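According to TrEMBL, the domain 'Glucosamine/galactosamine-6-phosphate isomerase' annotation covers 9-230. Annotated active site, proton acceptor per TrEMBL: Asp67, His139, in sequence order. If you look up TrEMBL, you'll see Asn137, Glu144 marked as active site, for ring-opening step. Per TrEMBL, site 'Part of the allosteric site' is recorded for Ser147, Arg154, Lys156, Thr157.
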Amino acid sequence: MQIIIYTNAQQVAESAALWVKELIKKKPAPVLGLATGNTPISLYKQLVEQHKSNSLSFKNVTTFNLDEYHHIDSTNPQSYRSFMNKNLFNHVDIDVNNTFLPSCAAGENPRVQGLAYEEKIKQQGGIDLQILGIGANGHIGFNEPTSSLSSRTRIKTLTQQTISDNSRLFKPDEKQPTMAMTMGIATIMDARYVLLMATGANKANAVKEMITGGVSAMCPASALQMHENAIILLDKAAASELSDQSYYQWADNENRKLIEDYGYFHNY
Ligand code: PGA
């Protein structure tokens, strides 16, 4: 794991945007894995700004989102499709036909949809860079604690903690879904690079478990300890429970020199 600690959340977003930009510049037809939630909004803002000011083009980019609520219409403002349209897709030159979410609308079979999503990712040659947030309970995507570390895209029941963490986003008269389709942990592990963003003190405990706890289905993000190219971008608050911060900072300084000499990615 490459752990990078920034002073604030804005710097985390700027750094994440740089990784995405490098990938887009480097690969002729990059495949990006995307996440929803509060944390990546600032990343998407950066990308939209760079599209507008520096003409960062998304024309050849294909995207796969981590998750989508079960039985929610894509036009529903609470759908993750709507979130992505609002925060990124509507503001850049991406071909919306190349943007995919693991949707399962009413009448569709979640098992069939899950398999089809896996197949689609394969057809596109796999995910080059997967953006991730982390839940306060250590989830990645909607892989809640106890999710199999070998899981693939499927339907999951959300935990009470996730439902209550996300309830702030629903108005009192809106029905909050309790199930979601999500990429599995093995799906995420197949991405060539993963870039996890975590900001705020409410993530500090999950971040500590992910980095220094044992690999366990009780903290799904801990599976990233087994990933060859996992980059963890933290602000000070999210890193506050890590005891080895000076080592991570020193290693980051060394890595910056490597990046200057050899670029961000190994295998492109
Ligand atoms: P958040 O969600 O970015 O809204 O904190 C992260 C997650 O639940 O994965």
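All positions are counted from 1 along the displayed chain.
Just so it is clear, glycine is given a Cβ too, placed from its N, Cα and C backbone atoms.
Checked against Glu144 (active site, for ring-opening step), the recorded positions Asp67, Arg154, Thr157 differ in C-alpha distance, with Thr157 being the nearest.
In this structure, the recorded positions under consideration are Asn137, Ser147, Thr157, and the one with the smallest number of other Cβ atoms within 10 Å of its Cβ is Thr157. A distance of 19 Å separates the Cα atom of Arg154 (site 'Part of the allosteric site') from that of Asn137 (active site, for ring-opening step). Rounded to a whole value, the Cα-Cα separation of Thr157 (site 'Part of the allosteric site') and Ser147 (site 'Part of the allosteric site') is 10 Å. Closest by Cα distance to Asn137 (active site, for ring-opening step), from the recorded positions Asp67, Ser147, Lys156, is Ser147. Each residue contributes its Cα atom, and for His139 (active site, proton acceptor) and Ser147 (site 'Part of the allosteric site') those atoms are 9 Å apart. Residues within less than 8 Å, Cβ to Cβ, of Asp67 (active site, proton acceptor) and separated from it by at least 6 positions along the same chain comprise Thr36, Tyr80, Leu101, Pro102, Gly141, Phe142, Ala180, Met181, Thr182, Met183. Counting other CB atoms no more than 10 Å from each candidate's CB, the recorded positions His139, Arg154, Lys156 peak at His139. Glu144 (active site, for ring-opening step) is surrounded by 22 other CB atoms, counting those within 10 A of its CB over all protein chains shown.
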